Every structure is written in structure tokens, then in C-alpha cells.
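Quick look at what TrEMBL lists:
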{"type": "DOMAIN", "residues": "B:2-116", "note": "domain 'Response regulatory'"}
{"type": "MOD_RES", "residues": "B:Asp51", "note": "4-aspartylphosphate"}
{"type": "DOMAIN", "residues": "B:124-224", "note": "domain 'OmpR/PhoB-type'"}
{"type": "DNA_BIND", "residues": "B:124-224", "note": "DNA-binding region"}
Amino acid sequence: MKIKHQLAIFNALTRLLVILILWLMLPILVENVVYRHINNGLLEKKHKFIEHLNKSEIDDFIENSDDSTETYSQFSTLHSEFLVLSRSPIKANQKKAVFSNEFRIIEGEESEYRILQYHFTYEKQGYQLEIGSSLSEINDLTFIIRFFIIIVFVVILLITFLADTFYIEFLLKPFYKIIDTKIRRVNEPESFDHTPIKARSRDFRELDFVLNQMMDRIAELFKKEKQFISNVSHELLTPIALLKSKFENLLQNDSLDDNAFDKIAGSLRTLDMLKKIINNLLLISRIENNQYEANEVINFHEIITDLQEDLQDRIEDREIQFLNKMQHDYIFTGNKTLIHILIYNLVTNAIKYNKPKGSIVVEDGFLEHRYFISITDLGIGMNASQIENIFNRFARISSDQDGQGLGLAIAESIASFHHIEIKVTSQINEGTTFMLLLPEMTKHN
Amino acid sequence: MNILIVEDNKELAVEVYDFLCNVGYVCKIAHNCADALEEINSNDYDAMLLDLGLPDGDGFEVLQTVRKTKSKIAVIVLTARGELDDRINGLHLGADDYLTKPFALTELSARLFAVIRRIHGFTLNSLSIHGFLLQLQDYKVSYDEIPINLTKKEFDIFQYLVLNKNRVITRLQLTEHIWGDILEVNSDSNFIDVHVRNLRKKLDKHRAIDWFETVRNVGYRINE
């Protein structure tokens, strides 16, 4: 889940909690306020009643003065209020005024009332006065208020949720931009875009700044490595060039005896090997240092045809049958020289480790929407542990083979430079297949 | 033909110098940019061999300066393989060819021959040896005006040996010349023998070729 959604949901939940608490507290709040208001009204009425109290009025209220339980009631027409006066003896410790909520039936209609019970003595006679005020309206009102508030809260919740989502998205925009332009699309430090990302939050500006700094350091290291590679090649290869020239000039000397001549020729071969090892190692370093461009259009069919021509001598020498079964004209963008080396190395391996009069089959096709080229030989094959090691530098399948075991290490470097996957399947004495699985979506740029 | 060798390694410069003088060129050595520029400005050179890593600067600076004033000088850049960008740059800035170190001296002379020939408008169009005539433009060989049918590789081998006549050319040198500077560490260069054998067979039909020697299982030599 993305951070913007997480934040928005978290905000919404906390707001929901607040609203829930408010909603639950609402009746208590409303009742407190409303009851105080009603109580005050009832007390005021009581005051008025007591103030104007006299014998005749009591008599008016209580018609039959002999009957102590006789009461007199007075109602407002809509039964919203009533007043009851009755004789009742005053008990000890009895509170003078008590408020309570009770249901009363008045003229056959039951409803809830807020009732003030007031006990007083008048001319040594104890009386109980009850003044009631209907709560039905209040209850209706409370319900309406709660309902209304719920609607308002839901609307607020929705609006703030949307606002949150958009605002968080707006805030996080630089973050995704940094990821996209500064991290994901960067393959080499030289192509790094140093323009600062516009961000409102200082955090992202800082992140951007730190990333830029980091990239600068990496770029610096890359540059140093490049310089080092360049120096190494110059400093190592110049002396080799000198030795080579000297030996070649020596070979022209007619006074050399056979022994010396062979030794010089042998030295030249060793020098050649040394040169090739250095060049191979430099090649790997330079691929890993991203010193190659990958913007050439490559036609695999063409490369295979060229290679077959180049290697015709070797193929004929070992009487190997070379079958090119390629059917697709697949176009790939990459570095032509490197791809050529990659396939060259695989094909020469297939020749080297083949059986005499064996065969090499080159096929292509699509596997899960990815184009592949496979090079299969009917050679000596490898077991699982050998396959594991073939891409290591200076690894050789068998010690009696010549070569320095860099061919496949180079092949792997080139493949990973182009995001090509190499799959190897092999069986001892049956042969080996190298499959180059190209990255998806590279067709026709 | 005057050639300026710009190379900071003094011993290597001397080796190249000796070799080229032997072939018949007039050579001079410069060990740094300053000397090279001074030489170029004070003398007329037909070609320059330019090493890139010089003690007082980059060989490219020399190349750029030279190209501003002299157009008819052939420049071959001598570079180590690690300087890849340089290689592309070199051809772009007006080098006529490049050779990666370590190079065979015979390869150098073959390239030099080709570059000078090109710069001077292909005035030299053929080579001849013991009555065989090599037509360089259309890769044809004839003897007494009878055409000899050679493959491209056989022609290349023949031309290379003729250009470097009286010198032992090792199989390795020939292999590198024909198949280029392949990276594969695999020194069995026997395939060259097949082509040489075929070439000799074809030449032998027209004239005895005792001058086309096999030297001690190491290489070949054509004697004049």
C-alpha cells in the first residue's frame, strides 16, 4: 500500500473515532443543557405559584378539603405542561424539591415528563406540588439534531478524506519523481540528471540533494576507474609492444641457430597470450565500467552469417556441420562489437568442445514473449557443477583444453550489460545448449 | 617517404625506427607533444605514427593541431586498447588509421603502405615479385598476364608477405592480419597453413617458388 493511501486512511479513521465519541456524547450533552433549562423553568413556575399562594387558591385547587388524597390538576391544552397539588404529610429528611423523569397518563395520553416535586407546608398542612413539562418535543429535537450532525460529519469526513488524499499526493509527488528520474532510469553515473527536483517539503529537497551528492561520488569513482583502466592498458601494453617488436626484429637475424629461433618464436606466442589476457580483462572492466554505447541496431541473422564465414576454416578443419536454423529477423538495439564478441565466444566454444564431425545448431524463437537465440553443440557436455563455474574468470571445463577461460566470463559481462539472460543446459557426452534470452520490449525501438 | 614517430617509450621508438628505416623510410623520433609539433612545423612529413599517452599532453592535441595546418600527412594512431573512446575519436579527428598496442611491425608497415597510397591518390597500384603482378585495387594476381584465381584470404596473405619481403612473418602475425585482432586466447593458428598451402599450389603452377620459404615451422618468408 502506498504511503498516501495509508496516511489518508489513518486520518479518516482518527476522524471517524472523534466523530463516534462526539455522537455518543451528544445525548448526554443535550440532556444536560436541556434539563437545566427545563428545571429552571419549572422552578420559576413553582416560585410564581408559591408567591401567589393563599388559602382560597389552595381550596380552588383542592375542592374537597377533607380528603387528603384529593388532588387538583391543571393542564395546558396541548398537555405540554401540568400542575398537580395534593395534600401530603411531610416526612422527615424529605427534600424540598426533587426533579425526575416520569411517564404520566394525562387524559388517556401517555408521554414523558420532566417533573418537579415540591413539598411545602401551608398553615400547618403539608402539600405536594408537582409541576411537569413534556419531554416529547425535546426528544424529537434531540433526535433531529443527532441525525443532522451525523450527516454533517459524514460530509466532512468525505471532504477531508479527499482533500487529504490529494494533498498528500501533491506532497509526495517529488518523492516519486526522484525515484523515477534519479534512481530507476539511471544506468550509469554520467547520464545522471543533476537538476534539482522542485519540492515543497524540505525533506524531499534534502533527499534529492543527498542523492545528487551520492551520484557525484559514484561518478567520481567511475571516472577514476576509467582513468585507471586507461592507464593500465597504456602502461602494460606499451612494454609488450616493445618486446614484441624486439623479438620480431630478432627473428630476422640469419645468424640465429634453430634453438634460439624456436625460443624467440615461443616467446612471441607467450607475449601474444599475455596481450590477449590483458585485453580480455580490460574488456570486462570496460563493460562493467559502462564505457560502451548501446545504441546500434543489431541484426542477429547478419551476425551469425558473418561469424560462420569468419570461422569457416575452423569449422571445416574439425569437419563440423554448422546449421543455421534462424527464422526471425529480430532487431535489437545494443553494442554491435560486444554482441559480436558474445556470439563469437559462444560459437568458438561450441567448435572447441564439439566432437569431430559433430554439429552446431543455431536456432531462434520466442519464449514467453522474449526473443531467444540458442547455440547447441553435440560436444562433450558438462555436469551441473561444471555449469555453475563456467562463467567464472579463468575457469575451464577440462585442463587439457587450451585458452584461458575468459571467453564465457566476457560473454556473461556482455549479456548482463545488455540485460540478456544466458541459460545453459548440458548433458555429459550429449552436448550443450547456450540460450540467449533477450529482454522484453526491445523490438523495433 | 618521411615518417615522424611520436612515442614516449624510447626503446619502442627505436625498434620502430630501426624497422622502418630498414624497409626504406626516412624516420625521425619525437618523445613528446612539444617535440612532435616542432618537428611537424619545421619539416615535411608524409606520415606520422602517433602514440596517445605522451608525457606532456594528449596525442590528440597534436593530431588536432596538425590537422588544422597539414592535410596531406597520413596519421596512424598507436593506442592501447583500453582507450576505446580515443579510438573512435581518433578516426573522427582525422587519424587515417589506428593500431592497437602491441602491434606487429610488419602490420604497421602494411598499414602505412595502405594509408600513404590512399593519401597520394592511389598512385601505386601494383606490386610485383618474381614476375607475379599484384593489382592492389581489384585484388587480382597475374603472371605473364595470365590471371591467377586467388581467394580474398590468399590474396591478403600474398600481399602481406610481398610488402614485408625478406622478413620472417610468423603464423601469429599472419593470423592477426587476416582475422584481425581476435580476443580469443587460442594460439592454434594452423588454419593459416591451409591458405598458404593453397596459395603456393596456385603460384607453383606458373613458376618454381623456392623464394617462398617456410621458416622452421614458425612462419613464412618471401625473398626477393
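A Cβ is built for glycine as well, from the same backbone N, Cα and C atoms used for every other residue.
Annotations in TrEMBL come from automatic prediction, not curation.
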Integer mean pLDDT for the domain 'OmpR/PhoB-type' (B:124-224): 86
DSSP-assigned states of the domain 'Response regulatory' (B:2-116) in counts, ordered helix, strand, coil: 57 helix, 31 strand, 27 coil
DSSP-derived helix, strand and coil totals, residue by residue, for the domain 'OmpR/PhoB-type' (B:124-224): 35 helix, 25 strand, 41 coil
